[in-house]
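Asker: The structure that follows is given in the form of structure tokens.
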Amino acid sequence: MGLSDAEWQLVLNVWGKVEADIPGHGQDVLIRLFKGHPETLEKFDRFKHLKTEDEMKASEDLKKHGTTVLTALGGILKKKGQHEAEIQPLAQSHATKHKIPVKYLEFISEAIIQVIQSKHSGDFGADAQGAMSKALELFRNDIAAKYKELGFQG
């Protein structure tokens, strides 16, 4: 299920665009996640009280968390699938502390692709979208495998 060198290059090329504004992209990803899948908001004590998009946009905590999420994801993507060391602590915290189901990782993956498409459509054609989808699926599958090792049925 791995990606070819050419696919990784497509992923990293568009990720460079994301990195030009990690806070803005991260905020947009979380807002899209919470609006599209309101049940995910319940996993975030710091954000549960945010009911409207305007409230979400005004939240510095939400923007900071979006930055954290996309910074971590960028570090994982740059490993081109060799991300064991990065995945382990992430799976540990998301399984044992946050109890984030794999389904929610699918939801945020969708949000990431939608945000990149809306902000960088000229640099995110079908090939790049397909490569990013594969990279995010690889990430999710590896997280799911770690969840299983940890006994989390997420």
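Glycine too: its Cβ is placed from the backbone N, Cα and C atoms.
Per Swiss-Prot, the feature domain 'Globin' maps to 2-148; the stated evidence is sequence analysis. The phosphoserine feature in Swiss-Prot is assigned to SER4. The nitrite binding site annotation in Swiss-Prot covers HIS65 and rests on similarity to another entry. Taken from Swiss-Prot, the feature O2 binding site covers HIS65. Residues or ranges marked as phosphothreonine by Swiss-Prot on the basis of similarity to another entry: THR68. Per Swiss-Prot, the feature heme b binding site maps to HIS94.
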Asker: Can you tell me how many other Cβ atoms are located within 10 Å of the Cβ belonging to HIS65 (nitrite binding site)?
Answerer: 17
Asker: What mean pLDDT score does the domain 'Globin' (2-148) have in the model?
Answerer: 96
Asker: Looking at Cβ-Cβ distances, which residues of the chain lie under 8 angstroms from SER4 (phosphoserine) while being 6 or more apart from it?
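Answerer: Same-chain residues close to SER4 (phosphoserine) (Cβ under 8 Å, separated by 6 or more): none.
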Asker: Who sits close to the residue listed as 'heme b binding site': which same-chain residues at least 6 apart have their Cβ under 8 Å from its Cβ?
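Answerer: The residue listed as 'heme b binding site' has long-range Cβ partners ILE100, ILE143, TYR147, GLY154.
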Asker: Give me the DSSP three-state residue breakdown of the domain 'Globin' (2-148), ordered helix, strand, coil.
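Answerer: In the domain 'Globin' (2-148), the DSSP-based counts are 118 helix, 0 strand, 29 coil.
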Asker: Counting across all protein chains present, how many other Cβ atoms fall within 10 Å of the Cβ of the residue listed as 'phosphothreonine'?
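Answerer: Within a 10 Å radius of the Cβ of the residue listed as 'phosphothreonine' lie 12 other Cβ atoms.
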